[in-house]
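One structure is given below, encoded as structure tokens.
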Amino acid sequence: MIVPARCHRRNVRRATAATVAALALAITGGTAALAAPPAATSQASNPLQDPAGAQPEFEGYVGYHPEGAGASGAATDVPKTTDPGPVPTPGFVTPDVAGSKTPQTKRLPAVAPLPSAPDPTQVAAVRSAITRAGSARVTVTAADALRSDLGTSATAGRVQSELTADAQAAIGATLAGTGSDLVSLDPVLPAGVWTVTEDGLDALLADPDVGSVTLDGEAYSTLDTSTGVIDSDLLNTAGVLGNDFDGATGGRYEVAVIDSGVDNQHNAFTGRIVSQACYVTDSSCPGGVNASTAPGSADECTHSTDCDHGTHVASIAAGSTFTGGHEGVARGAGIHALKVAQDNPTSARWTAQFSSINNALARVYALKTTTNPKIVSVNLSIGTNAVFAPGDAGCVNTGPTTNTWFSLLQGQGVAVVVAAGNNGSTAGMSFPGCLTTAFAIGATTDTDVPAGFSNSTSGLRWWAPGVSIDAAVPTTNNHGFKDGTSMAAPHVTGAFALLRECVDGNGVPITNAAAAANLDATGVDVTRAGVTRKRINVLDAATRTVNNNDFASPEVFAGNGPINDFDFTVCSDAEPGEPGPFSVDNGVWWRWTPATTGTATISTEDNGTSVTTFDTTLTVYTGSSLATLTPLAWDDDSGTGNRSLVTFPVNGGTTYRIKVDGFGAANGLLNLHIENGAPPLCGGVAATIVGTPGADTINGTAGADVIVAGAGNDVINGLGGNDRICGDAGDDTIRGGSGNDTVFGGSGSDDIRGEAGNDTLLGNPGGGSNDDAGDYLNGGAGDDVLDGWFGDDELNGGAGNDALWGMAGTDTVIFATATAGVVVDLAAGTATGQGTDTIVQAENAIGSAYADRLVGTAGVNVLRGGAGNDRIEGWDGNDSLSGGPGVDTILGGNGNDTVLGEAGSDKLYGNPGNDTVRGGDGNDLISGGTGNDRLYGDVGADTIAGGDGTDTIDGGSGNDAVDAGSGGDTATGGAGNDTVLGGSGNDTLRGGSGNDTVRGGTGNDALYGDAGTDKLYGESGTDTLNGGTGTDSCFGGTGADSGASCESTSSIP
């Protein structure tokens, strides 16, 4: 009989305090054999009391409330915003609000109560066991000795410690003298394990302060490339590994695996095992004890033939990558390995006692509330052979202490994940998966079909892959396939480690409640026996926390700012079609519309407490869809440290898309800064319309616009009004439109047309000696000023009295659009005919389609007459002169000129210098003048005079008259009946085809009749005459001449 007096309990408490301290040592660190109570130790040394100032995660526990059956249906993908259906999701967090940090709303969890009276079914099972063996190992709990606020404060922990010690002492007193023995005491809860006799059982049942007496039952492994099914591999690619985001504090997240032990020597766990522990009842922990937290405690598999089970489970939850690309769900998380397996004397299958499981749970609780606060989930892939329907009190009565431990861990933010069991039942689940304080997990195939062996009821929380799961088995790099809800559960355990890396609107990692709600709201619907639950999709659950993860759902801002938005890329991912130019891993999006045209500065620079924690990349686009995005500005590290910064012009009212990604899949918190400053200037005037660095088409308005196009090959239309246009870099096409426009072409080869109005066109204002690209400037109607500046420019003033300034480079003035003949004098700097134009520093000229007069300078000129009967005067310099169609007169002047008559019967004069003259079509008069000239009659009956010098003459087709003139010339009549005269000098003369007359003149000449009936006259000098084919006549003249192929000769020996 328990004496309720407090003084009596304090006296008895001293007798059991030593046992409590021993178990506490075994749970929090060290080794203890619990066969007998050690020497007394002060209860004040119990490290399981809540530390002063502890901040439990109240929002961490999401209890399951039984619901009716969900809708049936096949497995289907569900959008991220889908209602999770029958599984309740408490309102635990407010949404991320753009540009703000909104605190989360916390919810206080309830601690699962212990029973108030023993369950008759459990008592009957205990009595039956005693009848068979003479005694039975049982777990005893005290009634009304558990504070409902346990785990919420240091005070609650201290008070509970006293209540627990009193209750355990009282139970011990009740059992005194009954032949019952203490096995172990719970370090926190008012419970313990005793081996009791029938007298002891009767004493307990007679004590009204005893809440439950249950057999220390047995649980077993729930046995009967999955990361790609739940998309955790894609989340890993986005930098979410369970090791916390870049810039976070406190180290990686951790998971606990209560199982058969983990092979620490396997490469899947290199550097991953944070702690180990062992809890058994057969003294099979290392050192022959029942409890140990020494290094290697969970790595001793001698007494657990299924040690590969725990290795396999841990590898699924958080194994790192090893041979063949095998990896766990949270491959960056730490692992706490807790071995509870021991030999089963009646089977080769290992077993785990409930008391061992409870001790392991107490160990996880102790670590979570002291040295390892980043434990976020615990996995139990174990269960009983018996199954329990939803609402069956037998589930809790089987292990009330376990139920309370589950609620305490959930209250501290540790997700308790349990396999549903492998009985193939749709009416019940194994213990402890049947407890509503746990997340029960069923197994599916990789095609989302429920596995036939899996248990499932309305109490099931999620489905996960559990068929043919390939993961680590002992040792080194070994791996193998296993089936079971044992394999499904660790997918969820690892998922919590990944999801806890995700952050809320404050940039604070989300709670387990939020992670669970995200799993509820995403994934694939799987229906079995009328109950629908989600097959988890970790990627979708993670990205659900990022409200601007996708292009279609950006944060939206408007105005000129400054704007600062606290945000994050943690748990974001890349969507199909997401553009570069940087690597695409985990971008987040904004949409911004500035109020006015200006110069935007966008960066990931810090703003007070809003700090960017990782290496960012930043890109700004235009476009309305992923497929039509065009990057405008991008940067990696131009800001402070690894922060990104871009500056570029923007148009008021235009929408810009902004993406921040992490360099090399980095992720973390960030501040996005947006500010619109003064617009760029065009000739000192602020822009009203701006372009991009790319190739733009920009249209002005009917009013007076100031347009700055930016880099790129742009097309710009000023339209109406007196516009000011800056083409900037690139080969631009610019049309001023109506109005008096001012246009600055900028660098590049630009086509600029002023069109109507009195326009000012500048090819390259401010230029620079490196710009030698030529511009085309056309003033159009009106009195225009055209200034080529740097480069080889073409200037067409059009109608009106224009000023044509060629300036630097070799420039050309063009009158091709004139409606009458023009007179262009480059030396005088004047042009008349389509207005009175002024010409400055232009080297070349192109006439009209009419009769023009073009006059060059003392320098090098290119003069082209165009159609019409033109007169072209090259003057000094090595000029290129062409008449075009028409009867032209061209005078080369001094210098080595090129003269082209082109079509028409032209008069072409090379004048002094070594000239090249071509007649073109028509009967041309060609005079080489002095110098060594090349003269070509081309088509027509031409008259060619070589003049002085050593000339080369070709009459071309037609009946030509060629006079080589003085000097040693080479002349050919070409086709036709030609007359070729050598003149003075030693000449080489050829008649060409046709009936030609060739006269050598003075000098020692060589005459060739070639084809046709020719007449060759050597005249004075020692000549050589060759008639060629045909009937030729050769006349030697004075001198010692010789002949060949001459059918008729005279004065030739």
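Each Cβ is built from the backbone N, Cα and C atoms, and glycine gets one as well.
Since the structure is predicted, the reported quantities are computational estimates derived from the model, not experimental observations.
What TrEMBL records for this protein:
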SIGNAL    1-35  signal peptide
REGION    41-120  region 'Disordered'
COMPBIAS  76-97  compositional bias 'Low complexity'
DOMAIN    255-504  domain 'Peptidase S8/S53'
ACT_SITE  Asp259  active site, charge relay system
ACT_SITE  His309  active site, charge relay system
ACT_SITE  Ser486  active site, charge relay system
REGION    745-770  region 'Disordered'
REGION    901-932  region 'Disordered'
REGION    947-1011  region 'Disordered'
COMPBIAS  947-964  compositional bias 'Low complexity'
COMPBIAS  965-976  compositional bias 'Gly residues'
REGION    1032-1053  region 'Disordered'
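Comparing the active-site residues Asp259, His309, Ser486 on other C-beta atoms within 10 angstroms of each C-beta gives the minimum for His309. Helix, strand and coil content of the region 'Disordered' (1032-1053), in residues and according to DSSP, is 0 helix, 9 strand, 13 coil. DSSP states for the region 'Disordered' (947-1011), grouped as helix (H, G, I), strand (E, B) and coil, give 0 helix, 21 strand, 44 coil.
Calculated from their C-alpha atoms, the gap between Ser486 (active site, charge relay system) and His309 (active site, charge relay system) amounts to 8 Å. Asp259 (active site, charge relay system) sits 8 Å from His309 (active site, charge relay system), taking the C-alpha atoms as the reference points. Per DSSP, the region 'Disordered' (901-932) is made up of 0 helix, 9 strand, 23 coil. Regional average pLDDT for the domain 'Peptidase S8/S53' (255-504) in the model is 91.
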